[in-house]
Amino acid sequence: MAKGRYHHGDLRAALLDAAEELVRERGADGWSLREASARVGVSPSAAYHHFASRDALVRALSERILSRLGNRLAHACERAADETTAPNARERTAEEAADPDACQRAAGPSGAGPRGAGSSGAGSSGAGSSGAGPRGAGSGGVGSGGVGSRAPGGGAFDLQRRLIALGRDYLHWAVEDPAVARLVFGAGATGPDSRVSPHPHDVLTAELDRLADLGALPAASRPGAEFVVWAPIHGLAVLLIDGLIRVDDAHAFDRQAERVIRATLNGLCQEPAPSEDWPAVHTTHTDRRRSHLGQEGEQVGPGAGDLLRQAE
């Protein structure tokens, strides 16, 4: 590329752009800092003023990509929320209010929709009959309507809609840009000192907090729920970009994301409360949140730590 590309002090951004181009062309590991410098039209010594090593460039690029992804996922959630205020959504909500079983029927014969997998699970009777739901869920469990119960002014689908949109966009991002996704998935791409904002993990955490606040996720199941949700969506993304799963139809692609999210949330609503003697397991994400946001690391189940670290 022409050397004139570097001007007005934008070398750092130009190097990041060049590195991202090289990732798409050659993969996460098939390039060097020297090649990125040559593509911009400067000497490696000039690049070292901004990045001490290739690893430093990879970390900075990963943070920029994660920030873009975080914004994309946040916007996906907001678009999903906006859809519920459209005229046809308001009409559907009125119909649902008149017919409380409409959502379950719309989900198909398996009953895997917002009202759960039948009348005894996270469905019409909530997450069990003992009132295990959060914030005074009552004898019917989670808001007496399972994970698909209604928020004030919203339809039965509304509580999950935002999270489903997040999962869909995560999958689309990974499949549309697999080389970039592999870079971010790689070990050491980001660390606990990362200051990405908005971080995709934080967007997911906020959505699960929202579900818990609305009574659609049991309080006992909230700690570590982001990893329970992230694991199957991330796993599906890896299977798709590796070609181990092929989905030819766009509608079927989105449906798989929706099915994973709904099944995971319904499972969370029915799981027993975590035992107090479960050891706290931390990941890069929880360490980052504890360091920069002043929050305690989330606790996840025993034996999950190694799997989570591999996924990062």
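Note: Cβ is positioned from N, Cα and C throughout, glycine not excepted.
Residues 32-51 are the range that TrEMBL records as DNA-binding region, among 32-51, 72-91, 152-171. DSSP labels the residues of the DNA-binding region (32-51) in these numbers: 12 helix, 0 strand, 8 coil.
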